[in-house]
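Please read the structure below before turning to the comments.
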Amino acid sequence: MAQVLHVPAPFPGTPGQASSAAFPNKEPDPPYSVETPYGYRLDLDFLKYVDDIEKGHTLRRVPVQRRPRLGSLPRGPGSWWTSTESLCSDASGDSRHSAYSYCGRGFYPQYGALETRSGTNPRVERTLLDARRRLEDQAAAPSSGGLGSLTPSAAGSTSSLAGVGLLPPTPRSSGLSTPVAPSAGHLAHVREQMAGALRKLRQLEEQVKLIPVLQVKLSVLQEEKRQLTVQLKSQKFLGHPSGTRSRSELCLDLPEAPDDPAVLETRSVGTWVRERDLGIPDGEAALVAKVAVLETQLKKALQELRAAQTQQVDLQPQAWPPPDTQVRVDTVRVVEGPREVEVAASTAAGAPAQRAQSLEPYGAGLKALATSAENTLVFRSHEVVETMCPLPTASTSNMHTAKKISITERNCTGAARMADPPPSPAEPSPSSPYPAAEPENPAPAAQDTTDRELTRPVASQDSQAAEGAGGASLGVQSALKRKEVPADPDVHQRNLQFVGINGGYESSSEDSSTAENSEHESTENEAPEPPVRVLSTAEGPQLRPLGPAVGKTSQDERQLSQESQRVPEAKVAPGPDPEEEIRMDLSPDLISACLALEKYLENPNALTERELKVAYTTVLQEWLRLACRSDAHPELVRRHLVTFRAMSARLLDYVVNIADSNGNTALHYSVSHANFPVVRQLLDSGVCQVDKLNRAGYSPIMLTALATLKTQDDIDTILQLFRLGNVNAKASQAGQTALMLAVSHGRVDVVKALLACEVDVNMQDEDGSTALMCACEHGHKEITGLLLAVPSCDISLTDRDGSTALMVALDAGQSEIASMLYSRMNIKCSFAPMSDYESPASSSAEE
């Protein structure tokens, strides 16, 4: 049963008013809030606000005032509704039996203040009028007795709570009867409505929070729009196209119309399309297809190139002899003239029955000697030799010089049988004093005469000057030796081989004769005749590798012949020497790298960075492999140095002093390995930097303290090294000198050599130590005596700790050395300086 509560006290804020029950003729105050069955009180403005939100009329927020619990209701006078149906939802008719409705507006003081400030709120007035009208209608309607009839609430007909009919109101005569308990469905419906209203309110609050962020974004976008507009106007003013287009954009740029009112204005329109819609192939696929086409073209070009090379080789079958033949063609040109020496170029080897032809059609005497071998050749090597031979003449004013270039092929066994074919016919040359061989006379008499005259030298001023130079010359010393061939009753073959020509290429001059040519052999073995002079390339600046060497101009060969005047005499070797059989093979990579470096040294901009790096790496690896090993051969090093000098003097300087990643040069490695023959070859080049420091801060002179001197040649080599460099140089690490290092390692021979080169014995390192202190500390008595024998040796020097050499010896327990120092200090005897260096080898020989 719904219980109607009548309170006689007036509603707060409206004093003097009584309840509607006390004044039946007076209209009751309009209700302004409603209490829910579970203790909450809802404001009518809030309900109206929720209803407006559902209908989408407004987004304004209406403040919601939450009422305290039922126990905290004010006790003052007020107007109470007589039914729980007031201002409740029409769909929840059962809720009117479970709660009280407090409808006085004076309960919320803020509303009174609001009315006082801004007057009457129209929305509140409409709500109140609506509620008052409904109350009047319900009061005028006939009321039925019973507990189920309740006075309808004014708020039950609001637009926000509709949908379900009202239950019969409670009669007014019921008084304070007990209200009917609300049903569960009514409560659930109210809860759902409240939850929905709260959810909508939360969503609206979140949207309100986003308003400042959106306003900031809007301002940023407006600023960007303004900047883009300004930029667009400036670009249009300057005549530049606006913006950048992507790769797939199709843009039509139409020229602007002139300032003519009769012509319509046009504008540029950009249309976005896709590449596949336009039929344009994909960029990556197009590149792949293009690469495939280029690869196909490259393969075809390579095939054509190979075919052309094959045809070129087929068109020149006579450039070299067939594989199963053995041919040697010698071309000799003799020129008479007092001023310069002209040398004929060599012809290539031809077929066995082919006549040899000279490269120069004038003044050439040709001698062709072709032999055929019965057995098959396994290996053949092409060799080129250039020899300079002075020729006898009737007049002493003119000198005839012939340059003989021999191209030979030999088998690996060296025992091929060779027959005597008839010599090739040749026309006698007016400039040649030697008759050519006649075709009808195959006897070797003419050949013997020519060979004898060619190999018999005549003493000249150049040869005398070379003999006077002796071993001081840097020229190539080539040995002339004879190859012994097993005796054969039919043919006797003799080979004269020159070793050391053209940077290490062996050269041979073969003469085939019968057993009757004893006169030719005896002529070559005569004692009064001096040995044959050989062409040198030690100082020749025009030397090139084997391929370009054949067929050079006469001017280049003339320069080579002029440089050959410095060559000393050749020595006749009684037998084969393993050192003479060493061959120098210059790889094509090394040759090309040397030529590239030569270009770079002449013009630093001639090579790219990659080409320079490749050339530098190749030369460095080949040179270090050749000269920096412990078993490096001095002859190979010398021949490479000759080749580098022939290419360029700058190239020689660059290669000799090239260093690895640790700063070590070939001289550093050679001295460390005690390979003094290679050290001498490097020093003889004249471009070796003997004072160059490595990354550790040591020079080659300092590294001699680690080497062991075995022979007198080793001592002479280090003496040459010391004289070329600075023996007083200090290491960058501790400031030690070569003398200090030699004393510390106990190298007596090196100490003697340094003293012979007038080294400063009083130099101090970073700690203030001298060589004498080092000898005293390590207990080297002999070295101490050598140092004390130097008159300039100062034994009173102190180190950083204030210790003298005597104190160092006493601290080390070297009593004998301390006695020597004490005697030197007291007696002050002076020893004679070392005027001459005496080597251990010579001293042992005297004993």
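For all residues, glycine too, the Cβ spot is worked out from N, Cα and C.
What Swiss-Prot records for this protein:
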type: COILED; residues: 187-207; note: coiled coil
type: COILED; residues: 284-311; note: coiled coil
type: REPEAT; residues: 610-647; note: repeat 'ANK 0'
type: REPEAT; residues: 662-692; note: repeat 'ANK 1'
type: REPEAT; residues: 734-763; note: repeat 'ANK 3'
type: REPEAT; residues: 767-797; note: repeat 'ANK 4'
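At the 8 Å Cβ cutoff, the repeat 'ANK 1' (662-692) and the repeat 'ANK 0' (610-647) share at least 3 close pairs (sequence separation 6 or more) and count as touching. Shown for the repeat 'ANK 3' (734-763): DSSP residue counts in helix, strand and coil, namely 17 helix, 1 strand, 12 coil. The average per-residue pLDDT of the prediction over the repeat 'ANK 4' (767-797) is 90, rounded to a whole number. Residue counts of the repeat 'ANK 4' (767-797) by helix, strand and coil are 16 helix, 0 strand, 15 coil (DSSP-based).
Secondary structure of the repeat 'ANK 1' (662-692) per DSSP, as helix, strand and coil residue counts: 16 helix, 0 strand, 15 coil.
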